[in-house]
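K.L.:
Structure in structure tokens, see below.
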Amino acid sequence: MFLLYFLILYLIIISIIFENLPKSKQKSLVLIILSFGLLAFLAMFRSIDVGNDTYAYFGLFQQINSGIEISAFSHRYETGFLYLNKFLSFFSDDYQVIPIFSSIYIYILVGRFIFKYSKNIGLSVILFFALGYFDLSMSGIRQMMAIATLLLSYEALIKNKKFSFFFTVLLATSFHNAAVIFLLAYPLINSKIKRKHKISIVFLAGAINLTLPIILSYITLFLPKYSSYLDSTYFDGTLRFATVVLILMNLTLYVLGESINSFYLKNNIDEGLREKDTLNKRNLTSLFIFLSIVFLFLSINGTILSRFTNIFGIFMIVYLPNELVKIKNLNLKAITVSSVTIVLMTYLIIEQVYRPEWQSTYPYSFFFLR
């Protein structure tokens, strides 16, 4: 677990250092390179013992590289990911080409997103790590590649580039089917969902949650490829307590962000926050976080649905920093940021110590030392 503690201290220290330096794009870029560069390096050169699905991906690459037709795996893996394996096998017979390429792809796109849209780069990096996306980049390659691609979809959406939006969502879906849910973002860009609408959605989610096992059993009649999940640990309730804890944590962060924004709007309306473009982007990411919590709530009766949470939950890495930066009292801001960091890192440590099998990131080992 030494690596976990080292990464926590390293990310916090460099974030504090750069937070106290004069702001500039160059310094922000250096911070991203120093932080994401290390995380990407670890993800690129990990051994097959690191990450829950790494052995499965190793076997897939070996079989595709041996000449087995892609169609033989289409019942289990998405087309885009299969063709990626086939394409990379032309350049190398070594499986390591998969984590190297996927990690470069993921960390460049996520780093670019943070650089362009976060007002506190250091906190965004800390959230990325503390919320488990570093672990996901090693245990769930397909899902994380899809999430990284959807960050391009978000940019296309706010710039009203319809073709780019639908194309990138389609590309993301070719890596992981869960990405298709991001199509919901299209009608949300200019929507005005009020508090009463959110309450209605919560009650609807509660009703769905009560009947979710029945609903899923009918869905698998039409999509039999997912029937195996109904009898797996995704639905056996072993992760329900952790899901409840995650709901409470994410709900607390969401309420914190919304409370800060509400106060800020009432007391600082002359600083341009009410401009349409700024409001649209801010409200859209707020809706994404709300949806991620709704999906997390639904996943109580089936933690496999938490992958929909990650599709929208990734936006927490810019949502919360952009809300906390509105706090004008420097002492209050420092206390709030520190409290968020301590709570999230503490949860991460507890999870990794007592439930290491959930991600299998630690003990970490390099492929060339295995």
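Even glycines carry a Cβ here, placed using N, Cα and C.
No curator has checked TrEMBL annotations; they are predicted automatically.
From a predicted model like this one, the values you see are computed outputs, not experimental measurements.
In case it helps, TrEMBL gives these features for our protein:
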| type | residues | note |
| --- | --- | --- |
| TRANSMEM | 6-22 | transmembrane segment |
| TRANSMEM | 29-48 | transmembrane segment |
| TRANSMEM | 95-115 | transmembrane segment |
| TRANSMEM | 122-145 | transmembrane segment |
| TRANSMEM | 165-189 | transmembrane segment |
| TRANSMEM | 201-221 | transmembrane segment |
| TRANSMEM | 241-265 | transmembrane segment |
| TRANSMEM | 286-319 | transmembrane segment |
K.L.:
Given pairs 6 or more apart, does the transmembrane segment (122-145) have at least three Cβ pairs under 8 Å with the transmembrane segment (241-265)?
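P.N.:
Stretch pair does not touch.
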K.L.:
Who are the long-range neighbours of the transmembrane segment (241-265) in its own chain, taking Cβ under 8 Å and residues 6 or more past its ends?
P.N.:
273-274, 282, 286, 289-290, 292-293, 296-297, 299-300, 303, 306, 313, 316, 319-320, 323-324, 326-327, 336, 340, 343-344, 347, 351, 355, 358
K.L.:
Could you pull out which residues elsewhere in the chain have a CB under 8 Å from any CB of the transmembrane segment (286-319), counting only those six or more residues past its ends?
P.N.:
110, 113-114, 117-118, 124, 127-128, 131, 133, 136, 140, 143, 146-147, 150-151, 154, 176, 178-179, 181-182, 184-185, 188, 191, 193, 198, 201-202, 205-206, 208-209, 212-213, 216, 229, 232, 234-235, 239-240, 243-244, 246-247, 250-251, 253-254, 257-258, 261
K.L.:
Tally Cβ pairs under 8 Å between the transmembrane segment (95-115) and each listed stretch (6-22, 29-48, 165-189), then give the stretch with the top tally.
P.N.:
29-48
K.L.:
Six or more residues out from either end of the transmembrane segment (165-189), which same-chain residues have a Cβ under 8 Å from its Cβ atoms?
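P.N.:
78-81, 84, 142-143, 145-147, 149-150, 152-154, 156-158, 280, 284, 287-288, 291, 307-308, 310-312.
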